[in-house]
Amino acid sequence: MEMEESHGREEEEEKILGTRWERDTCPRGTHKVRRLLLDSALLPLSVAPDADALASAYAPDADADADAPSPSPCILFPFADDGEILILDEKWLFCELLSVVQPRSMDPSKDLAAYGYGSVAWKERMESWKQRQEKLQMMKNEKGGKEWDDDGDNPDLPLMDEARQPLSRKLPISSSQINPYRMIIVIRLVVLGFFFHYRVMHPVNEAYALWLISVICEIWFGLSWILDQFPKWLPIDRETYLDRLSLRYEKEGQPSQLAPVDIFVSTVDPLKEPPLVTANTVLSILAVDYPVDKVSCYVSDDGAAMLTFEALSETSEFARKWVPFCKKFNIEPRVPEFYFAQKIDYLKDKVEASFVKERRAMKREYEEFKVRINALVAKAQKVPEEGWTMQDGTPWPGNNVRDHPGMIQVFLGQSGGHDSDGNELPRLVYVSREKRPGYNHHKKAGAMNALVRVSAVLTNVPYLLNLDYDHYFNNSKAIREAMCFMMDPLIGKRVCYVQFPQRFDGIDRHDRYANRNTVFFDINMKGLDGIQGPIYVGTGCVFRRLALYGYDAPKAKKPPTRTCNCLPKWCCCGCYAGTPPPLEGIEEGIEVINTFMFSYARIETENPTPQHKLEKKFGQSSVFVASTMLEDGGTLKGTSPASLLKEAIHVISCSYEDKTEWGKEVGWIYGSVTEDVLTGFKMHCHGWRSIYCIPARPAFKGSAPINLSDRLHQVLRWALGSIEIFLSRHCPLWYGYGGGLKWLERLSYINATVYPWTSIPLLAYCTLPAVCCLLTGKFITPELSNVASLWFLSLFICIFATSILEMRWSGVGIEEWWRNEQFWVIGGVSAHLFAVFQGLLKVLAGVDTNFTVTSKGGDDEEFSELYAFKWTTLLIPPTTLLIINLIGVVAGVSNAINNGYESWGPPFGKLFFAFWVIVHLYPFLKGLLGRQNRTPTIIIVWSILLASIFSLLWVRVDPFFAKSDGPLLEGCGLDCN
C-alpha cells in the first residue's frame, strides 16, 4: 500500500513539474533511494580529495573492478531531521531515502581503507575526472564548437563550457571606493550627534522662536538624511552574459527555448500623447532582437480614441517594411524617428552595398508614414456632431469616452502577420477596456490590470514588460538582458522584476531642471540593488507574471545544524570539507539548493486551492483562473481563437474586478497615483527580490517635460502619490512586518513616502535667513565658541566628503549632482509643499485632484519648450522666497555698512544662508527670466545686487559734502538768531 502511494505521488509530481523519478540503490548497497532528475545545465560542486565518511560511502569499494566505469563525482548532504539525502552531481540528483538496506558487516581485521573510508581512491577518481574534462574541452576548442552535437545533458560535458555557466554576476564596488564612503558616513553620523547636542543645549534666548523652529527643521533634515543614506550602504553593479544565454537556450538546429514576453504600452489621450510617438514605440517593440514567436505587444487605449486605433493600423502596415530592414542591417536604435535623426556616421560597420539605397528608400517610406499619421491627427481635431464612423459605416464604439464597450483588435499575429520578406511578425493587439458611469476605473493601474488579464487569456506568457507610450527600445537586446536574470537557474526563481534605469532624449545640455534624475538612478537604485532590489518606477520593467498574481516568493528552507567541525564557514548544508564550489558566488550556489528544496517541499505539503477561492481572488473567468495555474505559461488546449477573444472581452468588463482581490493583492495595486511604487512595495513584502540592470547601451529612452511648469506638475504628481501611500494602510512605517521585506529596504520605502513632508521645514529654513537679516536683526545660533565652530566645520566637511565619494563610486558628474541639489530645493518649496496640502485634502476631506497629462518637449525649435513661460500657482512660493532673500541680502549689507566695517562678522552667517537659498533657486529664476538670445539672468541678478550695494555706499560716503577737519559739532536744536 505504501509503495502504491509513493508511485502515485511520483506520477502526480511528474504531471506538475514535468520531472522524472528513478528508483535505485546507492553504489554501496546500503540505501534504497529515488532520484529526481533536474536541469543538467547547472554547475556541479567540486569535491575535495578528503571527503568525509558519508561521501566515501557513496564511492565504490577500493577493491572494485578497475575497468568498471566510475560514477560521477558528487557531494552528499545528510538531513537527519527527515531522513533525506541530497546528492549533487552533474545531473543534480535529489534523492529521498526510501528504506535502509541491511549494511554489510565490517571485518575488524581489515583496514578501513578497504571500505573506502580514508582511502586515496576518491582522490584518484577526481584526478581522472578532471583530466577527462580538460580533454573534452580541448576537443571542443579544436573543432571550434562544430560537430558538438550534445544537447547539454551529457555528464561528461566540460564544465568550462559557457553554456553551463551563470548568466549574470554581481560586481561589488571596489573596497578602495566603498570603504572610505562607509567610514565618512559613520563619522558624519557621530558629528551629527554632537552638532544636535550643541544646538539643543545652547538656545538663543533673544530669538527663541526662531531658534526653536531652526532646531526642529535641522532634526528633520538629519532624519531624512539617515533614511536616504543607509539604503545606499551596499551598492553593487551587475554584469550579464548574452552569449551564454544564447548558448544555453538557442541551440543550433533546435527551436529557441527563450521564455516568451508580453509587452504592454499604455496611452490615454492621443491629442496630448502624440500618436506618432506611440507608433515609434510600437515599431521599436516589433523590431526587437528576440524570437518573433515569443513577443506580443499589447497597446492599451484608455481613451477609446479612433485616432489611436487608426494610427496602430497604419503602424502595423509600415512595420512589414521597417522590421526586416532593421534585422537585415542590425541597426540601432530600431525606432525610425530617432534613427534617421542621428547625427552620426550611419555607414559605420555596414558592409552590404545595398545599405545606402535601402536606407534612402526606407527613409522615404517613413516620411510618407508620418504624413499619413499627421493627416489622421489633423482630421481628429474637429469631432463630427454624429461622432466618428468606421470604414464600414458603423459608429465607432468609443465615441463616448466614459461609456463604451470593451474593444480588442489583433492587428498582427496568427494569420496575416508577415513582413515584406515573408517572415513572421510579433503579435500586435489593440485593447480598450469597457467603461461605464458609476465605476471607479483606477486610471493607469486599472488599465494595466486589464492588460494582464487579456494577455493571460490570449498568450499567457510567464514574463511581462511595461512601457509608457514615449519610452522606446533604445537597445534591441534589452529583453535578453532581462532574461539573463529571469532565466538564470541560480537566482531567477526569486526575482519578481528586472528594472532598467530611465534615460531621456531632448534634454538641454545643462539639464536645468534635473530631468535626467541621474543621482536617483545611478546612486540610490544601485544601493537598493545590493539589499533586496530597486523600487519599481513605472516603466522599463520586466515582471514575472506569478509575482503580479500576489504569490509569495519561494521560501528557502533552512538546512539542519551541522554536527561536526569539518566544514568551512561558507558551507552549512552538511558534513563536507574542501574548497568552495566554482560558482560566481557561494551565496548563489546555496540559493539554488534552497530553491530546489522549496520546490520539493511545496509539492509534498501544499494542497490544491479550491476553485471557488481562486475565482474569489482572480474573478469569474474559468479560462483566466486556469491560466494562473500554469507556472510556465501557455494557452489552454482545446480552445479556439474566437472563444479566447470572447473570454478576453469578458475579463476587461467594468464589473469583472468587483469582489475580487484585483488592485488589493493582485496586479497593480490601487490607492495611489504612483501605483508603481506601491506595486513594487507589495512584491517585496511577499519576499521577492528585484534586480537593477544597467546595460552598456541604455535599454530604453523616453522624453521628459523640460518646461519648468510641466516639470513641477510632474513632480507634484509623484509627491502626491507618496502622500497617499503615507496616509494609507500600506504605509511602510506599519505595513508588511513579518513578511519578507528587509529592514534597509523598508527604510528606502519610508523615505520614498515621507520626503514630501520635508517641504514644510525646508520652506521655513529658506525663510529664516531673510527674516533674521531683514526684520529682527537676530540669528538662529548664539555666538560660536571654538568647539562649536569645530562641530559646524566638521559637519560641512562630512557633507561635502559624502557627496564627493558618492560621485566617485557611482560615476555621477558634479554638474549632475549639483543640478539635483538645486531642484531638490526648487521642488521642495513648490510641488512637494502643494502635494502635502492636496494629499491631506484628498485623504481627509475627500477632495480629489485631477491631473492633466504633462506635455513633453516640442520639436518646432530645439529646446523651444524650455523657455516657454506657463504660469501656475506652483511658481508662487519659490518666487516669494527669491524676493525675500534678495531683499534680505540688500538689507543685511546696508546694515553692516551703516554700522561700520568692524561689524561685518555677525551678518556673515546670515548672508551665507541667504546666498545658499538664492544659489539653489537660480535655475528657477532663470526659468522665469532667461532665454538664450536675451541678457543672461546672472547678469541681471548681480546687476541688481551690485547697484543696490553701490547706492548704499554712495549715500554713506557722499563725496559732494564738504568735510571739516575740526571737531564734529552737534546742533543743540536752538535758534541762535
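Heads up, residue numbers simply count up from 1 along the chain you see.
Any Cβ shown, glycine's included, is placed from N, Cα and C.
Annotated features in TrEMBL:
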type	residues	note
TRANSMEM	179-196	transmembrane segment
TRANSMEM	208-227	transmembrane segment
BINDING	S266, K272, E273, D302, K443	UDP-alpha-D-glucose binding site
ACT_SITE	D302	active site
BINDING	K444, D468	Mn(2+) binding site
ACT_SITE	D676	active site
TRANSMEM	755-775	transmembrane segment
TRANSMEM	787-805	transmembrane segment
TRANSMEM	825-845	transmembrane segment
TRANSMEM	866-888	transmembrane segment
TRANSMEM	908-925	transmembrane segment
TRANSMEM	937-957	transmembrane segment
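Structure coloured by features recorded in TrEMBL.
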residue	record	Cβ within 10 Å
S266	UDP-alpha-D-glucose binding site	22
K272	UDP-alpha-D-glucose binding site	13
E273	UDP-alpha-D-glucose binding site	20
D302	UDP-alpha-D-glucose binding site	22
K443	UDP-alpha-D-glucose binding site	14
K444	Mn(2+) binding site	19
D468	Mn(2+) binding site	22
D676	active site	24
Stretch-level contact, the transmembrane segment (908-925) and the transmembrane segment (755-775), CB cutoff 8 A, at least 3 pairs: yes
Pairwise Cα distance for D468 (Mn(2+) binding site)/K272 (UDP-alpha-D-glucose binding site) [Å, integer]: 13
Feature contact check the transmembrane segment (208-227) with the transmembrane segment (825-845), CB under 8 Å, 3 or more pairs: no
The transmembrane segment (787-805) touching the transmembrane segment (179-196) per 3+ Cβ pairs under 8 Å rule: yes
Residues from the same chain, set at least six apart from the ends of the transmembrane segment (208-227), whose C-beta lies under 8 A from its own: 189, 192, 196, 199-200, 747-748, 750-751, 754-755, 758, 761-762, 764-765, 768, 771-772, 776, 778-781
Spatial neighbours of the transmembrane segment (787-805) far in sequence, C-beta under 8 Å, 6+ residues away: 177, 180-181, 184-185, 187-188, 191-192, 194-195, 198, 202, 229, 817
Spatially closest candidate among S266, K272, D302, K443, K444, the listed binding-site residues, to D676 (active site) (Cα to Cα): K444
S266, K272, D302 screened against K444 (Mn(2+) binding site), Cα within 10 Å - retained binding-site residues: S266, D302
Among the UDP-alpha-D-glucose-binding set S266, K272, E273, D302, K443, as the record gives it, the longest Cα-Cα distance in Å: 16
